[in-house]
Number of protein chains: 2
Amino acid sequence: MNVSDLGEDPLIQRITAGLPQQANVIVGPGDDCAVIERNHTHDSLLKTDCIVEHVHFLPDTEAERIGWKAVARVVSDFAAMGGLPESLLVTLVIPPETETSWVESLYSGMQCCAEFYGFSIVGGETSSTTSSSPAMISIAGTGLVEKGQAILRSTAQDGDQIFVTGKLGGSIQGKHLDFHPRIEQARWLAEHFRPSAMMDLSDGVAKDLPRLAQASKLGFQLDTAKLPCSDGSTTENALSDGEDFELLFTLSAEHAEHLATIWHQHYPDIPLTCVGYMTRDESQELHGGWDHFKPA
Amino acid sequence: MNVSDLGEDPLIQRITAGLPQQANVIVGPGDDCAVIERNHTHDSLLKTDCIVEHVHFLPDTEAERIGWKAVARVVSDFAAMGGLPESLLVTLVIPPETETSWVESLYSGMQCCAEFYGFSIVGGETSSTTSSSPAMISIAGTGLVEKGQAILRSTAQDGDQIFVTGKLGGSIQGKHLDFHPRIEQARWLAEHFRPSAMMDLSDGVAKDLPRLAQASKLGFQLDTAKLPCSDGSTTENALSDGEDFELLFTLSAEHAEHLATIWHQHYPDIPLTCVGYMTRDESQELHGGWDHFKPA
């Protein structure tokens, strides 16, 4: 059986199920970041991500935007844990005919994102691949979060309300290259409301909400009519397009009302929408979303 | 100009030269690992590395050995700093036709290396690439080292003796897949002799020794006749083949004699060879070694 028969999530479950974890590992595989003991005040967050030519960007995409995207995707995962990025390493795999100026522009875009969010690119690795093969950029990052305060996917509670920030769908029109990860909003949420569970939306609500529910051993009811759609996007786009890099989080009904009231005072330009609730019943079935090995 | 005109080291110098570093970064790009402030007793080590099908392994190489190699390469970089590995993340980029059993065997090899050296695979990322494109495995790792004790490439002193562990050359015969990184020996050296500079030999002495010398702003005199060659290998192999994953380090002449005496009591099966010395004069010119964008 090949990986496209199996699909992405079952593959990941299969390869990570048996991995033993040392005592310093607080959260291992399966969340937006791993969480590792660090010192008396903070835990470390670890994340790796990658983008591949023809899959995540095209040969004629501006290199600066590719660089921004590569780094911003990882920053979004730190946001999803309620943490902050700290240091990044870049792995670059390119065919020998790659233009040097392309690599320089790529780094310029990565550095631009690093500066914007106040962290450092501290090293990396460069390898050739065979001629005409797709370029690949992998970013590994460390972040930090206040001790014991990382917000996981797996801790949603029965009855919690489900929220999404921003508007969803149609990212391919350009947002997937230029988005700003919700670091500030996630930190604000963590400090003032402490969501019961949180993740970032990378593969579409239809793929990501079931992941959060499964990790929390709960079901969900999603009111698809409430999904906040980007201009020109349909509910189907909001469910399936992916690369929204918005926050998906859950909050007790008791706090949800208070949040809805004051969010808009703090972030008047960013929609916050309650789109459903967690339940002990079986999840409704959603179709769509991005699977790396079973593209729609 | 494309990257094969420029070459690997000049490319890396060009893209890392302008990267600003935050205050918590003790060592940024350019050494075997980055070094980051961690807590009162230890610093963190960060490293990323990758291997690419057709470049670092072949389609018919056993997947377990590929997995071991991918992880062991990173462990070797922690050894080179006098540190220990702690947590690893795996980025896997594979075409959709990849057999699931290949991925499982790959992970089995990676986990085998992780268990042997006592650390955890704490997460990762999986992405598709276009059909028939080379598979790529990138490993990002964190390690730790006693505070202020990381051994750098850039701190060799004029007159220091140059040592290599093990035998060099001919790694392609199999050692490049099955090697055991010199973690224990590097820790022993760090504790008892504190080499003035150290790195691991990944691209051949002809490539790596000039890197150490340049980082230390010194020249070197290498006695190529003294290079310890693997069975069936020539001096040329020892200089150029790469993927030896032995230690290259420098030590003051005063301590070098003492080391030579007691090394063999501790590691009777591992050769230790003095192959030259550091100098303020210009380095002798060496030819060969592995350049990713200018293959021999």
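Cβ atoms here come from the backbone N, Cα and C positions, even for glycine.
What TrEMBL records for the Mg(2+) 3 site is A:D32, A:D200, and among A:D77, A:D158, A:D241, A:D244 the residue it adds there is A:D77. When TrEMBL records A:H56, A:W290 as binding substrate, the matching candidate from A:E104, A:E236, A:E243, A:E246 it lists for that site is A:E243. In the three-state DSSP scheme, A:H56 (substrate binding site) is classed as coil. Neighbours of the substrate site: apart from A:H56, A:E243, A:W290, residues of the same chain with C-beta atoms within 8 angstroms of the site's C-beta centroid are A:V55, A:S171, A:H176, A:S202, A:D203, A:G242.
For A:E243 (substrate binding site), the binding-site residues whose C-alpha atoms fall inside a 10 Å radius of its own C-alpha are A:S202, A:D203, out of A:D32, A:D49, A:R153, A:S202, A:D203. Largest Cα to Cα distance within the recorded ATP binders A:Y107, A:R153, A:S202: about 32 Å as a whole number. Across all of the domain 'PurM-like C-terminal' (A:163-266), the predicted model scores a mean pLDDT of 96.
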